[in-house]
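Visitor: Pulled from TrEMBL, these are the listed features:
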type	residues	note
DOMAIN	13-122	domain 'Pirin N-terminal'
BINDING	His62, His64, His106, Glu108	Fe cation binding site
Amino acid sequence: MGVKIVPRLSQDRGHGDYGWLQTFHTFSVSFDSPEDYKHASFGALRIINEDHVSPNKGFGTHSHREFEIFSYIVSGQLEHGDSMGNVEVLNRGDIQLTSAGTGISHSEKQHGPEPVHFLQIWFFPTVSNLTPRYFTRHFNDEEKRDTWARVVAPVDAEGVSKDSREGAGPAPVQSALTLYATLLSEGKSLKQSIKGEKGYIHVVQTSGYKTGPATGAAIRIFSDTGNEVELREGDGAYLYFEKSGGEPTIENIGDRTAEVLLFDLE
């Protein structure tokens, strides 16, 4: 089954270097030009921010409503605190998910001696006025090595513990979205069945913040019909399927491990 692959290149993302924060925005956080509106959201996805935060810095207490927000920790440590009384230090492999619902306040700050690199991802929930909830999950590198680990999934999906703050399996979301993660070794390839009408793929910028054309790890994503695109660190791509569902393949064509996120979107 065919898939249309539309690149969202790293150098085309919104970005900024504020000294303490170096950040990229896959989706526009302001709308100053017509181009911004082309990348406002995609399915349930509203924000994918890739952030590098310096020691002793971070985002002070601020509030959210009616979004589901999670942090995917790439390196370093992130301290989370919120108005529900949760305080936790997150490490590589951790996923922290907050279902903001009727409203929460939280802070996210770098912790420990090293800068923290993490992705902050926002979803639109399918249900409004939810009671705020907090979840953490951990996936070590071996669980993602050359396989797709399902790290986020809808609350009613098979294998999801929707009432457990911590535990095994994917973090539960009230969104039409499933997220897979992999650490793909050189020369390896993977397929993944997508059930929704669209998807999004992102190659994590593991070698460090860099503006301009992407470098580092490299993958190729392609379909059975021959449509293919090459992506490097920080690059992403919109996936449009001819009918609901498909099975794209990704292949590591570079000289190092590629950390890749794949979203299945209705």
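A Cβ is built for glycine as well, from the same backbone N, Cα and C atoms used for every other residue.
Source: prediction; values computed, not measured.
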Visitor: By DSSP, how many residues in the domain 'Pirin N-terminal' (13-122) are helix, how many strand, and how many coil?
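Guide: Output for the domain 'Pirin N-terminal' (13-122) reads 4 helix, 65 strand, 41 coil.
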Visitor: Please list, in sequence order, every residue of the chain apart from His62, His64, His106, Glu108 whose Cβ lies within 8 Å of the Cβ centroid of the Fe cation site.
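Guide: Same chain, not in His62, His64, His106, Glu108, Cβ within 8 Å: Phe59, Thr61, Ser63, Ile69, Asp82, Thr98, Ile104, Ser105, Ser107.
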Visitor: In sequence order, which same-chain residues at least six apart have a C-beta under 8 angstroms from His62 (Fe cation binding site)?
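Guide: The answer is Ser105, His106, Ser107.
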Visitor: Let me know the most crowded of the binding-site residues, choosing from His64, His106 and counting other Cβ atoms within 10 Å.
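Guide: Of His64, His106, the one with the most crowded Cβ is His106.
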Visitor: As a test of reading the model: what is the averaged pLDDT for the domain 'Pirin N-terminal' (13-122)?
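Guide: Looking only at the domain 'Pirin N-terminal' (13-122), pLDDT averages out to 89.
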